[in-house]
Each structure stands twice: as C-alpha cells, then as structure tokens.
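For reference, TrEMBL has these:
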- C:34-140: domain 'Ribophorin II third' (DOMAIN)
- C:173-270: domain 'Ribophorin II C-terminal' (DOMAIN)
- C:1-16: signal peptide (SIGNAL)
- C:184-206: transmembrane segment (TRANSMEM)
- C:218-237: transmembrane segment (TRANSMEM)
- C:244-263: transmembrane segment (TRANSMEM)
Amino acid sequence: MLLFRSLLCAIGLAGVVYAKSSKGDSVLVVVEPKQQDNYSIFFNGLREQGYDITFRAPKAETPAVIEFDAPSFAHVILFAPDTKILAKDLTPQSVVDLLSHNTNVIVALSSKQTAISTLAAEFSLVLPPPGSPLMSYFPERTDPATVVPVPVPASHPMLTPNLPPVWFSGVPHSLGNNPLLVPILRAPSESFAAEIDGGSADALVDAAERGGEGLWAGSQLGLVTGFQTLNGARITWVGGVDIFSDEFANKEVVKGLKSGNEQFVRDISAWTFHESMVLRIDETTHHRVNSTTPLEQYTTNDQIVYEARISSYDPKTTTWVPYSGLKDLQLEFTMLDPHIRTALLPVKGQPGKYSVTFRAPDRHGVFKFVINYKRKGLTYLQSSTTVAVVPPRHDGYPRFLSAAWPYYTGAISTSIAFFLFSAIWLAADSRDQKKGKGHKSE
Amino acid sequence: MPLKSSPAQPPAATNAVQTLWKAYNDQTPDRLKFIDAFLFFLMLSGVAQFLYCVLITDFPFNAFLAGFSSNVGQFVLAASLRSQVNPENKNEFKEVSPERAFADFALGSIVLHFFVYNFLG
Amino acid sequence: MFSLFPLLLLAIGTQGSVLTLQSPRFKVTSSTGTQLRTEPISFTQKSSTPVTLSQTDILKLTFQVVDKETGDGVQPHQTFLRFYDGKTGEEGIQPVRVTSGGKAKFELNMAKPPLSLPPTSDTPLHVSLIVGTSTHSPMILSLFDLVVPASHPPPYHPDEASFHPLPEIHHTFRPEQKLPLRPISAIFSLVVIAPWFILLGLWSQVAPRVPYLLSPSIIPFITTLGAFEGLLVWYWVDLKLGEVLLYGGALGVITIFAGKQALSKIGDRRIGRK
C-alpha cells in the first residue's frame with residue numbers, strides 16, 4: 001500500500017510518548033509557509049511520535065499526493081482553509097481518491113467557501129452559509145465572541161478522559177444521520193453561527209423562519225467530526241484550523257488551567273492516523289466439537305465450533321496485542337440470508353480469542369461464516385468463510401433403534417426359520433411317502 | 001370344493017370349511033404340509049410386523065420394509081418351491097427336478113436376505 | 001450538553017451591565033381560545049409543575065429584556081429558547097423575535113410545531129431562555145418543563161441497524177423423531193416371535209424323518225447355508241459392502257460345490273429308490 005518507507009527522524013526528547021501509526025509514518029502537510037510556524041507545537045508533537053512530515057504550499061505542485069495511481073504519503077493534513085483554489089492535484093475528487101487508497105486525511109475548514117468545503121456535503125456534513133462562523137456569548141470572557149471555549153466530553157472512546165475545555169474558532173457543521181460519521185466534538189448549547197459584523201437579532205429570526213437549515217445553533221452542531229470509509233480510511237473534518245495553533249494550545253481556559261488543545265489535537269490525529277481504535281482479525285477457524293481440523297463440509301445438525309482471534313494495535317509498542325474487549329461481536333451463519341446469528345463471546349483465559357459452538361441447521365447448502373462488526377470509531381471487522389453443509393451419508397443415520405426391534409426380530413426369525421427348514425428338508429427322506437389316507441404319519 | 005359363502009346359511013358355511021379342512025388334511029402329502037406350516041408362520045410373522053407399523057409407529061420405515069419384505073419374499077419363494085415339488089404339478093415342471101427347485105429356493109432366499117439385511121439399518 | 005462555567009462568570013467578571021427580564025409570563029390556551037394556564041415566570045426557581053400541551057394547544061410566552069440598572073429595553077443579539085430532552089440528548093433551539101425596545105413575544109402552536117422542536121417522547125423537555133449580547137453579560141434562565149405529544153422518532157439511516165447488535169436468530173430444527181416406549185417395542189417383538197410356537201407345533205406333527213441329517217454329503221451344504229446367514233447378520237452389524245461381497249463370493253463358491261454334491265446325492269437317492 002505504501003510506496004515509500006521514509007526514514008525515521010531521530011527520536012527526540014526523553015519522556016515523550018512514542019506512538020506510531022499502524023499504516024505508515026509519512027505525513028504531508030498542505031499549509032501556507034507563512035503560517036507553518038503557528039502550529040509548531042502540533043507538528044513537533046507529531047515528529048516526536050515518529051512521523052516524517054513533509055510540508056507543501058497549497059498552490060505548489062510537488063510533492064504530489066498521488067503519483068501513478070499510488071498514494072505517496074500515508075497521511076495528509078490540509079491546513080489551507082482560506083485558499084480558494086488549490087493546486088491541480090488537490091481537488092475534492094483527489095481527496096476521495098486518497099481515501100479509497102487508504103490514505104488518512106485531516107481537513108480544516110473555515111468560514112470561507114473553498115473547493116474542499118464543498119466536499120463536506122458528500123460526507124453528510126452541511127456547512128452554514130459562508131461568512132458565518134461559530135460564536136458564543138457564554139461564558140462571559142474577554143476574548144471575542146468567535147473564540148469559543150468548548151467543553152470536551154469527559155469520556156469519549158477516542159479522547160483522553162476529562163480533558164479541559166478546548167478553544168475553538170471556526171465554523172460548525174450539521175451532521176447527517178450517516179452511521180459512518182463519528183462525532184467527536186459538539187458545539188456548546190449556547191453557541192450559534194452568525195455573521196461576524198452586523199449580525200442582527202432579526203437576521204437570526206428571519207433565517208430560522210425561512211426554513212431549510214434554519215437556525216445554526218445548539219449542541220446538535222458538530223465542530224470536529226470523523227468519518228471512517230467502508231474501506232477503512234479515516235478522515236476528520238475540523239471546523240477551524242486555529243484549534244491546532246500554538247496560541248490556543250497555550251491559552252488558559254480558567255485562571256491556572258491550560259486548555260486541552262494540545263492533547264485534544266494529538267488524540268484526534270492519533271485516531272485519524274490509525275493509531276488508536278484499530279482492530280484486526282488475525283485468523284478464524286472452524287471445526288467440529290472434539291476435533292481440531294477444519295473441514296470443507298459439515299453434516300446437518302453437527303455441532304460446529306467457530307473461533308476468531310482479534311488483536312488491537314498498540315501504538316506505544318507498535319505491535320498487535322490480543323484484544324478481548326469486544327462484548328457484542330456476532331457471528332452469522334448465512335446462506336443467502338442469515339440462518340443463525342449468535343454472540344461470539346470472548347474465551348476466559350485466552351486473550352484475543354472469541355469462540356462459539358452452535359448446531360448446524362438441518363438445511364443443506366453452501367453456507368458462510370460471516371463476521372461483520374461495525375461500530376463508530378473502530379475499524380470495521382469483516383470476515384467470510386465458505387463451507388458446505390451436506391445431509392448425512394447413507395450410513396450416517398442412527399441405527400439399531402429401539403423402535404425397530406420387532407422388525408429386527410422378524411428378519412432374524414425368518415432367517416432362522418429358513419435355515420431350519422432347509423436343514424430338515426435336505427436331511428429328510430426322499431419324497432416317497434404315500435399319502436396317508438385318513439391318518440397322519442408320525 | 002367351492003365354498004358356499006352365503007351368510008344366511010352359517011351351518012352350511014361351517015360345513016364347507018370343515019369339509020375343506022378334512023380334504024386338505026387327508027390329501028396333502030406331509031412334505032407339502034411341512035411347507036404349508038412354514039408359509040403360515042411367515043404370514044403370521046408378517047401380519048405382526050404390519051400391525052406394529054400401523055398401530056404404533058412406522059419410524060424407521062426402512063426397517064419395516066426390510067422386515068416385512070423378508071417375510072413376504074420368503075413366503076413367495078417357499079410357495080414357488082411348494083408348487084414345483086408338488087407331485088401333482090409334475091407335468092408343469094418337466095425339466096425342473098425337486099433338487100433344482102430347492103437350489104433355486106436356497107439361492108433366492110440368500111439373495112433376499114442379503115437385500116433385507118442391507119436395508120434393515 | 002448544557003454547559004456553564006460558573007467559575008468563569010465570577011472570575012472573569014462582568015463585561016458591564018446585567019440584563020434582566022421584566023414581567024415574564026407564559027400562557028397556555030386551547031385552540032378555541034379558552035385560557036388553560038397562565039403564570040408568571042420566577043427568576044429564583046423553575047416552575048414546579050410541567051406545562052402540558054395537547055395537540056391543539058398554544059403556548060404564549062411574553063417578556064421584556066431590560067437593563068437591570070437603567071430599565072431601558074435592550075434588543076439582544078441572541079434570544080433563544082432551548083428545548084432539551086435529557087434522556088436522549090436531543091436539543092432544539094428556537095429564536096425569539098425581540099423588538100428594539102426589548103419586548104418579546106413567542107408563540108408555540110402544537111398544531112403547527114416549529115421544525116426546531118426536537119423529537120419528543122414521554123420525557124418532559126427542559127425549556128430555558130438563552131440571552132446573549134455583546135453589550136451586557138449573557139444570561140440563561142431555566143423556565144419550565146414542557147410535555148408535548150410524542151412525535152415520530154427521527155428518521156434513521158438504512159445502514160444504522162448494522163452498527164448495533166442485531167437480533168439473534170435461532171434456527172428451528174425439525175423436531176426429533178419420537179420413539180415409542182421401549183416396553184411396547186419389546187412386547188411387539190415377542191408378538192413377532194410368537195408364531196414360532198405355532199410353527200414348531202405344526203412341524204412336530206408333519207415334519208418328515210431326518211435319517212440323513214448327519215451324513216457327510218448333506219452336512220457341508222447345511223453348514224454353508226447357515227454360514228451364509230451368519231455372514232449376512234454380521235454384515236448387518238459390522239461389515240461393509242465390499243467386505244461382505246468378498247466373503248460372500250468366497251463362501252458362495254464353496255456353497256455351490258457343497259450344494260451340487262448334496263443335491264445330486266439326494267437326487268440319486270430319489271431316483272434310485274424310485
């Protein structure tokens with residue numbers, strides 16, 4: 001999948017958590033060279049984790065993201081929300097191509113409408129009209145209304161627990177009901193999107209009454225949202241690029257409490273770059289109970305054992321570690337439609353192993369063991385193993401049943417009677433007897 | 001002697017059956033009665049199995065077929081043996097000696113039993 | 001998420017003046033115009049009983065936003081009503097039109113509910129008023145709980161179900177064959193054996209004498225016939241087809257010879273006598 005394995009930078013400062021992606025280390029950052037230093041904390045953080053960063057101006061042609069139909073980088077960060085027209089190989093279509101080639105992307109938006117922002121609609125994200133960023137009068141603060149401290153969910157599978165609020169400046173977006181979306185950060189309830197200057201109360205009410213999208217307000221709006229495509233590539237849409245900036249990382253939300261920006265952006269880049277919440281199925285096997293060899297065909301009503309081994313990626317050690325934390329994994333035994341769907345439960349004492357025993361249906365045909373596990377934020381686990389189920393062979397049926405005892409005795413007694421009959425017949429006198437008239441001979 | 005089977009005349013019917021039985025007893029050679037006893041046994045045994053199948057269960061149907069046809073087939077073979085060794089039928093079976101008849105009977109029975117045990121399950 | 005930073009409000013300090021509401025009250029009328037409930041809204045506590053609206057009722061909310069010190073009317077940039085379902089987390093924001101003098105009037109007609117109303121069920125919605133402006137400190141006021149008729153649930157994406165555990169499917173197997181009770185089968189086995197008594201009884205009367213039973217020409221044939229029956233019973237219990245055909249073929253060859261010998265002896269005897 002990757003063409004280049006870039007050289008690793010020297011691993012830097014002591015005490016830094018070294019966490020690497022499971023998909024590759026090369027990162028391309030598209031950012032105006034003048035603004036590159038605004039995000040030095042973020043980029044240095046990535047470098048310390050072992051990523052190899054290449055910078056490129058939005059209008060520059062090289063390095064190309066896709067060359068000869070193969071991606072040149074494992075991950076791409078687009079920090080050019082104000083550039084209206086980007087270089088020729090950074091079109092919305094090329095972003096989609098990157099995702100279909102398993103390249104992960106972080107895209108920053110702004111209240112300006114660019115070509116990339118029109119792509120957001122393809123991911124079920126609706127942006128407000130251009131020129132209306134998010135603003136909030138709550139909590140009362142000296143910063144402008146468009147710089148909003150946003151509380152972070154205390155427990156989110158992707159984020160460090162109990163992060164302090166993050167500073168945000170940018171646009172919200174409205175989430176569709178596409179299940180592939182992974183909401184990460186939502187707007188505060190009191191916030192709303194409005195024109196920065198000259199926005200009037202009447203304009204807000206008119207917008208709401210006009211219908212359509214109506215009023216852009218409240219916690220139903222998202223600020224940072226992830227999306228995992230069906231082939232596993234992850235893209236994160238961030239409403240404003242300032243959330244990555246050094247200024248916001250160092251700003252205090254409350255006197256004495258630094259904002260959570262630095263850790264927050266590290267967490268979302270960890271998810272997007274396939275460091276966290278990454279699972280894979282190592283192997284699946286199936287066999288009859290009391291046996292270990294997988295068969296190509298099973299008989300109806302057989303007791304079949306299906307096992308799967310699942311590991312999760314540990315970014316700190318860059319190894320795959322057996323993972324038994326899936327509580328609702330399901331196995332389907334399918335022939336056109338699922339005939340059996342059962343829970344695939346973890347085996348106590350064997351980390352990473354999930355097993356279930358079930359009885360093959362009494363229908364014969366070609367079946368598939370299907371695992372299709374999709375949950376928000378986790379990699380999609382899919383596996384399908386084809387196997388045949390045949391009716392019992394002619395000698396596979398139960399024999400010597402108690403219900404058939406009379407028939408067995410009938411057959412055997414006929415045999416014995418035949419034997420006795422032939423013995424007596426052969427050994428007898430030749431048929432020379434006169435018919436005894438009136439009395440029987442003894 | 002044809003049986004008068006009119007129900008309005010029970011004494012005559014019983015009389016006819018008795019006459020038939022007497023004639024049978026007197027005129028049949030012992031060897032043939034020997035075979036007849038065998039035939040009667042097979043018939044009873046087959047009826048017993050049939051009753052079980054009808055009244056209780058026919059579940060291993062293959063076993064019922066095997067057991068029942070064992071009786072029926074043996075009955076047919078024994079009946080044909082009887083007609084071939086019957087001295088009154090000598091004109092019908094000129095080229096078949098009683099020994100040949102018995103050899104056919106034995107071979108047929110062995111083959112029949114093979115199929116029966118094959119199917120008995 | 002309903003988020004407040006009370007620390008922030010106290011620590012950072014007010015931007016300036018404080019807003020307040022003058023004569024806030026709400027009124028519930030039915031579609032025919034009869035007044036069902038009217039109450040002033042208190043600043044200190046939320047209304048204790050939830051406001052219940054049926055499908056044709058109308059809720060009217062009136063208040064005036066004024067500066068607390070001067071008493072002048074203020075038109076805030078942001079005057080929103082927030083409807084929040086605590087159980088599902090669904091939220092709806094509805095702006096309230098405020099005149100430049102600060103007077104505000106809001107009407108909620110359940111016959112034509114606004115799009116901003118979140119999907120509802122049995123749980124009451126928390127209603128609060130959010131007032132924000134750049135000139136004064138922002139204000140949030142918790143108004144009352146609102147109970148409205150349940151609405152349709154929000155439409156789900158067709159693939160949404162595959163992101164949750166799906167219902168388990170169990171295959172209904174054909175019921176096991178019920179076997180009759182063993183004693184019944186045993187009894188009928190005895191019934192099948194019973195004709196033996198009749199057979200033996202009849203044979204004892206009509207069986208011919210057997211002077212030649214042990215003669216060396218007859219015995220082999222009888223034993224091979226018996227061996228065949230034994231082989232077939234063994235096949236029923238244990239053997240496979242190939243094996244039984246093999247043994248049967250070998251035994252058959254022997255039987256043919258024995259049979260020829262026996263039957264020719266019998267035949268000779270019969271013809272000789274005759």
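Quick reminder: no glycine exception, Cβ is built from N, Cα and C everywhere.
TrEMBL annotations: computationally assigned, not manually curated.
On a predicted model such as this, the values are computed, not experimentally measured, just so you know.
For the transmembrane segment (C:184-206), the list of distant contacts is empty: no same-chain residue at least six beyond its ends comes Cβ to Cβ under 8 Å. Look at the domain 'Ribophorin II third' (C:34-140): DSSP puts its residues at 0 helix, 51 strand, 56 coil. Listed by sequence, the residues of this chain that lie at least six past the ends of the transmembrane segment (C:244-263) yet keep a Cβ under 8 A from its Cβ atoms are 217-218, 220-225, 227-228, 231-232, 234-235. Helix, strand and coil counts under DSSP for the domain 'Ribophorin II C-terminal' (C:173-270) come to 73 helix, 0 strand, 25 coil.
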